[in-house]
Amino acid sequence: MSDIALKTYTERANVHPNAVAKKLLRLMDEKKSNLSVAVDLTKKNQVLELVDKIGPSICLLKTHIDIVEDFDADMVQQLVALAEKHKFLIFEDRKFADIGNTVKLQYSAGVYKIASWADITNCHTVPGEGIISGLKEVGLPLGRGLLLLAEMSSKGTLATGSYTQATLELAEKHNDFCMGFIARRRFPGLKSDFIHMTPGVGLDVKGDGLGQQYRTPEEVICESQSDIIIVGRGVYGSGRDAAQEAERYRKAGWEAYQRRISKQ
Ligand code: S5P
């Protein structure tokens, strides 16, 4: 077990150099939640209603803002108000993948102005270091954080081996802005304390017929030592009450974390 995986989120928050990571780790212990819900719905009101329901159970809301058909500036204001009401951070899962100059514009401008409201966003590293430098020029002065996609949950992903390794090195080099990874597991031997977030989490099914692969909170948090579970359809796609489902995942993730930190 890695040393960092045995520490509590608060112990890590107390010494963490990145402001967003510090805030996130603090509120994880405060809310007893390592759950991020991926709200992949296409109507503004559906999104806002669901977020208000699940808000008490999550530490981080994950959005795909570009799938919302009736997006407007008011939606962002309401999301930010819900984040304050329920105390969670917002992660826009934009998966930037272009050259530095283009991602700077995509992050700061256009319809969505992501940098103005999302505490966290993420990018692929396929373009090389320039993508991080470009996003950092916009995000660092605003106190934002970046996650690198070091691995993916989907079947046949090409983000493996030397690609993953090179991604970890880029994160270490830019650890003022890179606060963590999207990954399937905690990477051993890192110098900085990166927050590892893992999608592809489900308690009831193993896949979705389109390449998604699900593992349980126990496998992800306890065995693979990741920090945050990202759950989408498991929470809102079963037809059962979403607030209750979010609580079920929050509990499962939290209990797995408690088992992990007790393995001293
Ligand atoms: O490798 C990945 C990375 C991400 S961010 N695999 C993923 O599934 N995701 C995202 O996590 C994906 O875009 C979706 O929003 C969420 C998983 O949703 P679910 O409904 O399959 O739980």
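Sequential numbering from 1, following the chain as shown.
Positions of Cβ are set from backbone N, Cα and C atoms, glycine also.
Curation plays no part in TrEMBL annotations; they are all automatic predictions.
Quantities reported herein were computed from a predicted structural model and do not represent experimental measurements.
Noted in TrEMBL for the protein shown:
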| type | residues | note |
| --- | --- | --- |
| DOMAIN | 34-246 | domain 'Orotidine 5'-phosphate decarboxylase' |
| BINDING | Asp40, Lys62, Ser153, Gln212, Gly232, Arg233 | substrate binding site |
| ACT_SITE | Asp93 | active site, for OMPdecase activity |
| ACT_SITE | Lys95 | active site, for OMPdecase activity |
| ACT_SITE | Asp98 | active site, for OMPdecase activity |
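Recorded residues Asp40 (substrate binding site) and Lys95 (active site, for OMPdecase activity) have their alpha carbons 15 Å apart, per Cα-Cα distance. Taking the centre of the Cβ atoms of Asp40, Lys62, Ser153, Gln212, Gly232, Arg233 as the substrate site, the nearby residues of that chain (Cβ within 8 Å, site residues left out) are Ala38, Pro199, Gly200, Ile230, Val231. Across the fold, the C-alpha of Asp93 (active site, for OMPdecase activity) and the C-alpha of Lys62 (substrate binding site) stand 6 Å from each other.
The distance from the Cα of Gly232 (substrate binding site) to the Cα of Lys95 (active site, for OMPdecase activity) comes to 17 Å. Checked against ligand 1, the recorded positions Asp93, Asp98, Gln212 give Asp93, Gln212 in sequence order as having a Cβ less than 6 Å away from one of its atoms. Binding residues for substrate (Asp40, Lys62, Ser153, Gln212, Gly232, Arg233) extend across at most 17 Å, taking the greatest CA-CA distance.
Looking at Asp98 (active site, for OMPdecase activity) and Lys62 (substrate binding site), their Cα atoms lie 21 Å from each other. Distance noted between the C-alpha atoms of Lys62 (substrate binding site) and Lys95 (active site, for OMPdecase activity) is 12 Å. Arg233 (substrate binding site) carries a helical DSSP state (H, G or I).
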